[in-house]
Amino acid sequence: MFLIVAFVFLIIFTYFIVQTLFWYRQTRFSSRRIRKRVIFKHGDCNVVQGNVAKRRRRYLQDIFTTLVDAQWRWTLLVFACSFLISWAFFGLIWWTIAYAHGDLEWIDNRDNRPELIQNMTHTMCVTEVRSFISAFLYSIETQHTIGYGNRFVTEECPEAIFTICLQCITGVFIQAFMVGIVFAKLSRPKKRAQTLLFSRNAVICHRDGVPCLMFRVGDMRKSHIIEAHVRAQLIRKKVTKEGEVLPFYQQELKVGADGGEDRLMFIWPTTIVHKIDRHSPLYMLSASDMLKERFEVVCMLEGVIESTGMTTQARSSYLPSEILWGHRFVNVVSFRKETGEYEVDYTLFNNTYDVDTPLCSSKELDDLKEEYSKNHKAGLDRALSAGLLKHISSVASVDHMDPASDESLDSGRLHTRSNSIPNGALATELEPLNNNTPSFTVGGSSILPSITTNFQSINEKINSTNGSSTHNNNNNNNGSNINHSSSNTSLKAKSSRRLSIKQDQLPVDSLC
């Protein structure tokens, strides 16, 4: 009886310890929630369920999942208590059977007062069960089929036979249940996510002329993640048109490996790219707005573990303070000639370096580019309205000619164009454009289209070419050769005036 009281006391003491640790864990998580992020950097969710009706009953109804999700110390405690409780419970039953059948009194008289039982015969239900301790030992031997040979059940008591069958079934069930829990905890893919890395910071910079939000993912193990794909969501507050406040509005971010699909060939650290275009939730944010906004970018990497075939997911998140504007990740993959292998240096996994990036938002940058493109074509539109459509093809071909091919003007192609463009006609027709040149201002400086300058340079070349040809007809052959060579020299000297700086060559991104 003393062991029963001690065991009950142990259960009560364990219950108070569990309640104390649970309260401490709640307090610790409450202090961590001050950081106001949904997903921690290591992937745990900063969400605690409270005021759930019949919470303990619901957890006990799904006891297997509850024990798998519990920490190891609680799982091991339940593992040990399940066997101890079963041994003690059936030990108490065996002691009750022996006491009810008179086995305990018979053994006591046989050992201490043999004269009382000289002419008596008695068949015990379980041999050598003297006390609760011996009944507890017999319970352990029965449940785990140890069988040392001193204690065994007889045919005297049917209830003893039924009890031994019930205990064997219960023992197998407990063993299967607890082994399944331990195996499920050991083979959980959650621990595989500990070797999947996310960069400490995300960066924003330009790639192929498009602003992009980028972060890096990596895998430390040699066993790869099969069918790996990545997702990203933006969580922030939103107010609908009806005035409804959505405190945690989730928007999907279109991401992919190096700007492509979300499927990864995950053999080395990969940079995940989100293009900030007009469909992106970050389209209206500038560098200064990034410091004022309150949002969180949640990233998820999912895939199948190659060694076990189970699906795993790794999570992380980035706050606005963890997004570096105007930075780019350092390359971590290099080739080693000594071994002929590609080496990944994880000491550089979180390193970045500064790059020139406009501080304005993507929308402002697109508006500047659109305005720039419209003003660039303003002179050409005026030429079209003046009736110069038949000359546009030749003018455009000269204006976009490669500087290395300036000598082609001397081969007769310019003379061919001079037949279709009268001398001085082009400059005369564009006289109004010279007086009222369209312009626009960006960043405090005025930018002028260069169409009129190109047209004037063309007419100058035409006049110089006609003058050289007239002079050649009045002089002898030697003089004509000299004048022809001087005409070629003058054309080459004026080629720099013809090839004016085009507006599409200006650094548009630096306008911000």
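Just so it is clear, glycine is given a Cβ too, placed from its N, Cα and C backbone atoms.
What you see is a predicted model, and the numbers here were worked out from it, not measured in a lab.
Going by TrEMBL, these are the annotated features:
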- 462-493: compositional bias 'Low complexity' (COMPBIAS)
- 40-189: domain 'Potassium channel inwardly rectifying transmembrane' (DOMAIN)
- 196-368: domain 'Inward rectifier potassium channel C-terminal' (DOMAIN)
- 401-421: region 'Disordered' (REGION)
- 461-512: region 'Disordered' (REGION)
- 6-24: transmembrane segment (TRANSMEM)
- 74-97: transmembrane segment (TRANSMEM)
- 160-184: transmembrane segment (TRANSMEM)
Beyond the flanks of the transmembrane segment (74-97) by 6 or more, those residues with Cβ under 8 Å of it: 3-4, 7, 11, 14, 18, 67-68, 125-126, 129, 131-132, 135-140, 142-143, 157, 159-160, 163, 167, 170-171, 174, 177-178, 181-182, 185
Residue distribution over DSSP helix, strand and coil in the domain 'Potassium channel inwardly rectifying transmembrane' (40-189): 99 helix, 3 strand, 48 coil
Mean of pLDDT values spanning the domain 'Inward rectifier potassium channel C-terminal' (196-368): 91
